[in-house]
Amino acid sequence: MATLPAVQSHFPNRPQFQGFMKPCGVEGEAFNLEIEGKIPDEIDGTFYRVMPDPQFSPFIENDPWFNGDGNISAFQLKNGRASFKQRYVRTEKLTREREAQRALLGKYRNKYTDAVEFKIRTTANTNVVHFNGKLLALKEDAPPYAMDPVTLETLGLHNFDGQLPSLTFTAHPKFDPATGEMICFGYEAKGDGTPDICYYRIAADGTFLETVWLVSPVVAMIHDFAVTANHVVFPIMPQVCDIDRLKAGGEHWQWSPETPFYIGVMPRVGATAGSVKWFRHPNCFPGHVANAFEDDRGQLVVDIGVSPTNVFFWWPDANGNSPRPETIVSRLTRITLDPASEHLDILPEQVKTLQSSNSEFYRIDDRFAFGRHRHVFYDAMDPALGTDFPSIAPNLGGGYPLYNSLEHLDLETGKTSVYFPGRHHMVQEPVFIPRKGSTEEGDGYLLALVNNYATMGSELHLVDTGNFGETLAKVVLPIRLRHGLHGNWVDAAE
Ligand SMILES: C=Cc1ccc(O)c(OC)c1
Ligand SMILES: [Fe+2]
């Protein structure tokens, strides 16, 4: 066997491995965490979230944040108390690297750069959802890894008892609040560089209901998607893949300024390969979806973050150009589409900025998913709030977007409320927790992991949506958790 590429015993001298982004590497539990304020007794459930957290120093130059091993945190809130558990997903990658005591995986989504051959090379680092009694740790390049929701033990790669037809599985499945059905897709579904998209619906008991194969107009990233009562919507990011570049040891993704922002629309049930329509919007970067629904006239209304420039600045265009990170701005945008239209070019009047904040990581009250929503919660960056940038700058690390506040947008009144966690803090993605016994949309709590750059520790902040400016409770963790991606609240009743 060829000699393995050399690795260092310390992490690279790069922003994505420094300060708050220094790998955490911790597995374990902590009981009875320190709480400031009061967690309402009625809150009973667990907040699961995942962060990319490399176990070993990579042998890849400038390895991006998105390539770290999935480390799952579970915060249980019960009887006004909080406890914490954390475990890595036992992926094939993590397990084999632990045996070898070194990094074996090469570049992000480029198997041609690996030091050994993997069957499955996913890091399972992007989202964690609860489905049919299991946790599914997700990354869009592979099937899920299933985990035990209580012990966080990895049960193994999950192909739904052989029913999964796709090599890949989105990190953003959607759940029908009425039936519990999980609506999913995979892109590059027949392997790296393939334009194939596989769409599938899975009943709450894990039975596959339907599979549809389609072909994308470009081989490009489809990170999030949207579902309404009768349709599904695929927003395609102009980050494109080329198999020859991969084989030459290059990046999986390259920003393509010539490529429009394609939006695929097709029926949610009973579609065939020919049912999909590819709408075109001028080049831009589509981010996460807040929600989508059908209005009275049957038009699709998609609320999504849109940035005029490439948010994934670490994957530049063919000439090596990327925006400077501090210039990137994403805004919550409403795109309205007529699924019956033959006019596939999206006109300016179909696109409306809903809110001017630089924002991302939109969440709604999921009980209202696929229908008209009134309330949106998200991360926002507003330097005017008073963040002490000079003092925290040396601790920030890099390679990830910064948001210093949580916002609540009421689409009915047009009013925005702001939660500012403190002058030395940045926020991660929030989750919404409904108030017990209340069926009113958005009535409950918002819970988010917060990075405190003064203490270099993590905190959970709990906010009552009825009193958004105030901290209801702050859980102080005995540990620093790296910046992460997505998570979900699972009520104990589930
Ligand atoms: C936020 C998006 C995103 C997209 C692709 C990824 O592989 C990923 O890994 C953490 C994250
Ligand atoms: Fe995401």
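Using the three backbone atoms N, Cα and C, a Cβ is placed for every residue, glycine included.
Residues His223, His288, His486 are given by TrEMBL as Fe cation binders; from His172, His343, His425, that same site also lists His172. Sitting within 8 Å of the Cβ centre of His172, His223, His288, His486, and not among those site residues for Fe cation, are the Cβ atoms of Thr126, Asn127, Ala171, Asp224, Val289, Leu485. For ligand 1, the binding-site residues lying close by, meaning a CB under 6 A from one of its atoms, are His223; the full candidate list was His172, His223, His288, His486.
Around the Cβ of His486 (Fe cation binding site), the same chain contributes Arg49, Val50, Thr126, Asn127, Val128, Ala171, His172, Phe361, Glu429, each under 8 angstroms and 6 or more positions distant in sequence.
Around His288 (Fe cation binding site), a 10 Å sphere centred on its CB holds 21 further CB atoms from the protein chains shown. A strand conformation is recorded for His288 (Fe cation binding site) in the three-state DSSP classification. For His223 (Fe cation binding site), the number of other Cβ atoms no farther than 10 Å from its own Cβ, over all displayed protein chains, is 19.
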